[in-house]
Number of protein chains: 2
Amino acid sequence: MSKIKKVAIVGGTHGNEFSGIYLLRKWQQSTVLDRDSFSVETVFANPKAHNDNKRYVDHDLNRQFNVTDLANNELASYEQSRAKAINQQIGPKGNANVDFIIDLHNTTSNMGPSLILLQSDSFNRQMGAYVKMQMPKAVVVFEDHTPVEHHHFLSSIAPQGVIVEVGPQPQSVIRQDILDWMDEMTKHILDFVHLHNIGELLPLIPSYEAFRYHETLSLPVDEQEQRIGMVHHSVQDNDFKLLRNGDPIFTLFDGTEVHWQGDYEAYPHFINEAAYYDNNLAMSLAKKVLITTHG
Amino acid sequence: MSKIKKVAIVGGTHGNEFSGIYLLRKWQQSTVLDRDSFSVETVFANPKAHNDNKRYVDHDLNRQFNVTDLANNELASYEQSRAKAINQQIGPKGNANVDFIIDLHNTTSNMGPSLILLQSDSFNRQMGAYVKMQMPKAVVVFEDHTPVEHHHFLSSIAPQGVIVEVGPQPQSVIRQDILDWMDEMTKHILDFVHLHNIGELLPLIPSYEAFRYHETLSLPVDEQEQRIGMVHHSVQDNDFKLLRNGDPIFTLFDGTEVHWQGDYEAYPHFINEAAYYDNNLAMSLAKKVLITTHG
């Protein structure tokens, strides 16, 4: 990994996830983002959705950054246009102006301060180690099942990008604990990039526990795609807690309990996330992994 | 209090408060609402807002039921029209078709299962006693500072009406614990009405602890009405916990702590409720009161 010269910090990719939006405003009044070895640019990604107090106006902005879509001028909704404008500002994807993106998100799920990494190269593995050392409460999640150039996330514009995902926080709320966690995690990431740049990283922990995305579960629905059940109370709020084959996972509205049928030890997260209302997603499942920091 | 002959149970007055909406669907498949001494009608109050996954389309429906507004035909937005339609269906206010309304709501605040009573007559005081006896976790809140005929709440259409307010639940989410609490509290209220009707209520606890609404606090804002602070982390989630003069109440984004200046012992609730995003409300404050059940 060569040096990171330009960093973009993005807030408000989803208009009703308030922590990043208010942190951008707060940081702009100070010098806390400044580091000697790189420059920082802040981007308020979806101001119209925030103004409307919604996740998005027409389409989910954080699904618009696949290369084909960015090149398709017929995709012209508000978020599809914002994606092209942001790609021009800090991209273009494949030959980007910035080297590293931090995209700030909230979840209604009980995920604590989570660092979502899209690649598992040495740079990302070291970043996970550094953040966990500085902030033991942090959870590191690898979503590296797709090559980053095929990702449709905003943070995939640059060669390196991460998602800071902090919850639980209801949409349209600012909780101090959540704001403080996001503030702290972002500063640790910037410190890591600076130490990486000046070659003063070591010693890092040799390995650490993390999670790797495996699959997504949907809520039980009927033939008309109407929900007929909900997340079981024993799973609710238990993000990153072990789920075994046979454990209750859903309660149908008629009282029936549905048990998980799986052949591995699963770690649910994004449990009952409000934003997945549209598509009836219930949760993501990860596998626990031991990440080797070096080599 | 004469007998209650007709009860209306209302869900979805706010389109993104899911528990009531899904409970109406669930109850329609069963006979759990049936009691011998009265009939029950269910009302899905704001289907368009629910379809749009929003609290409301044009105006907050639960602020449209003041008599003057109901009579004003120039008030013709979606919710203003829904209010007139609902008033025709289960009202009209002042001479209503139904005797008692249960309006089902969720809050993002940590209020647990709360029963909000708009009057403190013997019927309501006894209902509070009965619900607390059956469900010790229940909190009873009196919002009886305004005569019920002047209230603009949907539940003020009938001579008697209550709000079942259960949280914490993010908007657009169904939590099983919250659904179960709302389900249980509604059944206790129906049982109470039936026992009241057949004259078999006693013995009730002679008195019980409750809360009486006193005032509403706003978040700190600047001259442009932009928020400059948030609810202090020590207040967050502590609905119905004592707040004393001098206790921290807000944290400004610059780090300054703001302390509450008050000359009474206050009990915050609706702390950091997401729906109050528009008007920058921080919380309501109540006083603790001892309610005498009889006399």
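Each Cβ is built from the backbone N, Cα and C atoms, and glycine gets one as well.
Going by what TrEMBL states, the Zn(2+) site holds A:His14, A:Glu17, and the candidate of A:His105, A:His145, A:His150 recorded there is A:His105. Cβ proximity to the Zn(2+) site centre (mean Cβ of A:His14, A:Glu17, A:His105, cutoff 8 Å) flags the following additional same-chain residues: A:Gly12, A:Thr13, A:Asn16, A:Gly20, A:Arg55, A:Asn62, A:Leu104, A:Asn106, A:Thr107, A:Ala275. Here the Cα atom of A:Glu165 (active site, proton donor/acceptor) is found 5 Å from that of A:His105 (Zn(2+) binding site). Listed in sequence order, A:Thr13, A:His14, A:Glu17, A:Gly20, A:Asn62, A:Ile163, A:Val164, A:Glu165, A:Val166 are the same-chain residues at least 6 apart in sequence whose CB falls under 8 Å from the CB of A:His105 (Zn(2+) binding site). Confidence across the domain 'Succinylglutamate desuccinylase/Aspartoacylase catalytic' (A:4-192), taken as the mean pLDDT and rounded to a whole number, stands at 97.
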